[in-house]
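J.: As listed in TrEMBL for this protein:
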- 15-44: transmembrane segment (TRANSMEM)
- 64-86: transmembrane segment (TRANSMEM)
- 64-265: domain 'ABC transmembrane type-1' (DOMAIN)
- 98-120: transmembrane segment (TRANSMEM)
- 140-160: transmembrane segment (TRANSMEM)
- 201-226: transmembrane segment (TRANSMEM)
- 246-270: transmembrane segment (TRANSMEM)
Amino acid sequence: MASAKCVGLRRQGGVVNVIMITVALLFMVLFLLLPLITVFAQAFAGGISGYVASIVDPNTLSAIWLTLIVAAVALVVNVVFGLAASWCLARFRFPGRLALLTVLDLPFSVSPVVAGLMLVLLYGRQGWLGPWLEAHNLKIIFALPGMMIATIFVTLPFIARELIPLMEEQGADEEEAAILLGASGWQMFWRITIPKLRWGLLYGVLLSNARAMGEFGAVSVVSGNILGLTDTMSLDVKALYDGYNIVGSFAVASLLASLALVTLIAKTVLERQFLGRSTKEEVSA
């Protein structure tokens, strides 16, 4: 009797598993794979020559170059901030720490468009700092600096949020031992802290870079969408699509999709490396 019940439960469980897997695969195909395939299909609708012509267009090349510059600057700032913020929030307990953690997550909860408007109200001609910036001939909004600031704002938490739990889990025993043995602060940081964080840091860098390259909302508000001057790849996709250059818009979109795929592959590889290393350390311990 008991064995019959077990067989029945297994059959029911098997049916449920098949249904859940089928539904999950169906959703993945409909909402992930088909849109991605459509992007590449439309990008090559005009053939290889049409695709290449769309990519080498001067405005598109300018958008690609500008995207790389903005993403690179944002990445450097995010690495420096992420290391400093994670060190401060993971190693020390002080009044207001929880408030800082909450503020750190602000870019996750605020709409990118709202973030762009906040920057316009702060740095725009009629904003709080606008008159001072204009008096010193400094232009933030509708220029490259504003695009960099907007991208930094929306990507700022990624690296810090990857490193904080990692540093809390690892503890500070090795760092304290290094200091007791005579190492300086910089020696301890570069020889003990950074090697322990390298996989988490690389993981955060990948996520931050992917977010920076694909950012649209905040950058569209502060850039002015000046073709060939303040258009990133995401903005160029919209400009080309609005101009009925369907092949060109999907060609640029395919570049962004390719970057996203490369990021996902690198992310998967890093996760396996990190998990494999953690398993080896646990076994050796």
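Cβ atoms are placed via backbone N, Cα and C, with glycine included.
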J.: Does the transmembrane segment (98-120) come close to the transmembrane segment (15-44), meaning at least 3 CB pairs under 8 Å for residues 6 or more apart?
T.: no
J.: Take the transmembrane segment (64-86) and find every residue of the same chain, 6 or more past its ends, with a Cβ under 8 Å from one of its Cβ atoms.
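T.: Counting only partners 6 or more residues beyond its ends, the transmembrane segment (64-86) has Cβ contacts under 8 Å with 104, 144, 147-148, 151-152, 155-156, 158-160, 162-164, 166-167, 197, 201, 204-205, 208-209, 212-213, 219, 230-234, 255.
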J.: So if I exclude everything within five residues of the ends of the transmembrane segment (140-160), which remaining residues of that chain have a CB under 8 angstroms from its CBs? That is, six or more out.
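T.: Non-local partners: 66, 69-71, 73-74, 77-79, 81-83, 85-86, 89, 104-108, 112, 115-116, 119-120, 123-125, 127, 133, 201, 204-205, 207-208, 211-212, 215, 217-219, 221-224, 226, 230, 232.
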J.: Who are the chain neighbours of the transmembrane segment (246-270) in space, where the CB to CB distance is under 8 Å and they lie at least 6 residues beyond its ends?
T.: 36, 39-40, 42-43, 45-46, 50-51, 54-55, 57, 60, 63-64, 199, 202-203, 206-207, 209-210, 213-214, 233-234, 236-238, 240
